[in-house]
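K.L.:
Handing you a structure now.
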Amino acid sequence: MAKNYQFYINGEWRESRSKESISILSPYLHEEIGRVQAISQDEVDEAINGAKLAQKEWAQLSVRARGAYLYRWVDELLAMKNEIAQSIMEEVGKTFNDAVKEVDRTADFIQYTIEEATHMQGESMWGENFPGGNRSKIAMTNRVPLGVILAISPFNYPVNLSAAKIAPSLIVGNSVIFKPATQGAISGVKMIEALHKAGLPKGVLNLVTGRGSVIGDYLVEHPDIDMISFTGGTVTGQHIAKISNMIPLVMELGGKDPAIVREDADLVFASKQIISGAYSYSGQRCTAIKRVLVNETVADELVSLLKEEIESLTVGSPEENNIIVPLIDDKSADFVQGLIDDALTKEATLVVGNKREGNLIYPTLLDNVTTNMRIAWEEPFGPVLPIIRVKSDKEAITLANASKFGLQASVFTKDINKAFTIAPQIEAGSVQINGRTERGPDHFPFIGIKGSGMGTQGIRRSIEAMTREKVTIINIYE
Ligand SMILES: NC(=O)C1=CN([C@@H]2O[C@H](COP(=O)(O)OP(=O)(O)OC[C@H]3O[C@@H](n4cnc5c(N)ncnc54)[C@H](OP(=O)(O)O)[C@@H]3O)[C@@H](O)[C@H]2O)C=CC1
Ligand SMILES: O=C(O)[C@H](O)COP(=O)(O)O
C-alpha cells in the first residue's frame, strides 16, 4: 500500500484531522506512489499561528546561529540525496540524473545563501550631506525580517524552487509556511524531513499540504502572512496578486522565451543551445526556449540542423535518463496536443514529431508558424517548438515584445555590436547573448516582467525581498 505522508507543524509530523488525503500518481509509472494530507482551514490557522510565535525567537538569533541550522540542513539533504532524487523522479518524472543534480544544486544554493547573508551589512549616513543638515545626526540602516513568509512552489523543480524561497527567508529571521505543489509534495515532505533532522526549532517552518484550489486563497488572504513568494503559472499568480493583503509579493510566472537567430549566427552552435533550451525535461521549464525567431535567409539551414538534433533525442522513461519524458499529467499533454493541432490546421509545417503515447509527447518541431496560431503566443510547457521566420532584426524584436510574457530571451549572433543593440530593446528580465535561456547560476538576479512576474529572485535579491530596511537615527547632543 502506498505511504501516507504527514504534514509538518510546530516540529511534529501529523495526519490531518480532516481524515482526507490526496493520491499522488506518478506521471510515468501511472500508479499511486503515495498520499499527502488535505489539511483543514483550522490546521492552516494553527500552522500560521505557530509560525508567527516561533518567528520572534528565531529572529533574535544571530545570522551565524541561524546559518548553523541551515548548514546542518545541507548535510542532511546530501545524506538523503538518493532518496530525495528517487522521489523527484517518481513524482514529477524528471530523470534520475537531473533529480540528483537538483538536490546538489539545492545544497549549493543553501550554502551560498548562508554565506551571502553573513556578509551583508547595513550602512550609515551623515546628516550634514543634506542642505541644512549637520554632523550630529547619523542614520544607521540594517535589514530586518518581514515576519511569516508564505512560500508556494510549482511542480517542476519541487526541491530547488522550494529551497530558493525557504533558505533566504529563514537565514534572515523569518518563519515560513511552505505550500508545495501537490504534485511535488512528497519531495517537499522529504526535504523538510531533512530540515527536521537538522534540529530546526519548532514552528520556524510549517509545511502545509492540500490542493491550491482548496486552501490556496485561505493561505494567501490570511492576515498573519507578511509576504508571499510564489512560483507557478501566470493565471494563478495574477489571482494571488489580486486577492492578497497589500503585502510584498515576489512572483515568478510563465514565459514564452524567444531565441532570436540572426543571419550571422553560428548555426551549429545555436541549434545545440536551442535544442537543450527547448526540450530538456520535455520543455517543462519556465525558462525553456518556447519560440525561435530566425532570419529567413538562414531558416532552412537552422531547421535542418534542429531536425537532426531532435532525431537524436532519446524518448521514454526518466529511469533510463531519457531527455524526453512523459508530461506531468494527461491534461498537460492534451493542452500541448491542442496547440500542435491548431498550428497544423492553420498550415504550419510539421518538421518532426506530432506523435503521442498517452502523456508522452514526442519532440515536435513546427516550421512556418504564423502569428494567427496559438503556439506563437501560448506557453506549452511541453516538447514543441515553433519556428517563426522573420525578415529583419526589427521584426524579430517586434514579435519578441508582442508577447504577454517577459522572462528571458536569447540572441544568437557573431556581431557583438548587434547583440548589444538588440538586447536593450527586448522586453524581458534577462537577455542571453549566444546562450540558451536559463535561470542559473542561482546567484544571478532572476526577473520576470509583464505576465512573467514581479520582483527579483537570485540569492542576494531574494534575501533583500524577504527583509525590509530599518533605520535608527542617533541624535548626538553635547
Ligand atoms: N518564472 C518561473 O520561475 C517559473 C514559472 N513556472 C510556471 O509555473 C507553471 C507550471 O507550474 P504549476 O505547478 O503547474 O503552476 P500552478 O500555477 O498550477 O501551481 C503553482 C502553485 O500554486 C498553487 N496554487 C494553485 N492555486 C492556488 C491559489 N488559489 N492560491 C495559492 N496557491 C495556489 C499550486 O498548488 P496545487 O499544486 O495544489 O494546485 C502550486 O503549489 C508554468 O506556467 C511555468 O511557466 C514554473 C517554474 C518557474
Ligand atoms: O523554474 C524553472 O523552470 C527553473 O527555475 C528553470 O531553471 P533552469 O533554467 O536552471 O532549468
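Keep in mind that glycine also has a Cβ here, set from the backbone N, Cα and C atoms.
Not my notes, these are from TrEMBL:
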DOMAIN    13-471  domain 'Aldehyde dehydrogenase'
ACT_SITE  Glu252  active site
K.L.:
Restricting to the domain 'Aldehyde dehydrogenase' (13-471), report the mean pLDDT as a whole number.
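P.N.:
Computed over the domain 'Aldehyde dehydrogenase' (13-471), the mean pLDDT is 98 on the 0 to 100 scale.
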K.L.:
Does anything in the same chain, at least 6 positions from Glu252 (active site), have a Cβ under 8 Å from its Cβ, and if so what?
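P.N.:
In sequence order, Leu161, Phe230, Thr231, Gly232, Gly237, Cys286, Phe446, Gly448, Ser452, Gly453, Gln457 meet the Cβ cut-off.
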K.L.:
Three-state secondary structure of the residue listed as 'active site' from DSSP?
P.N.:
strand
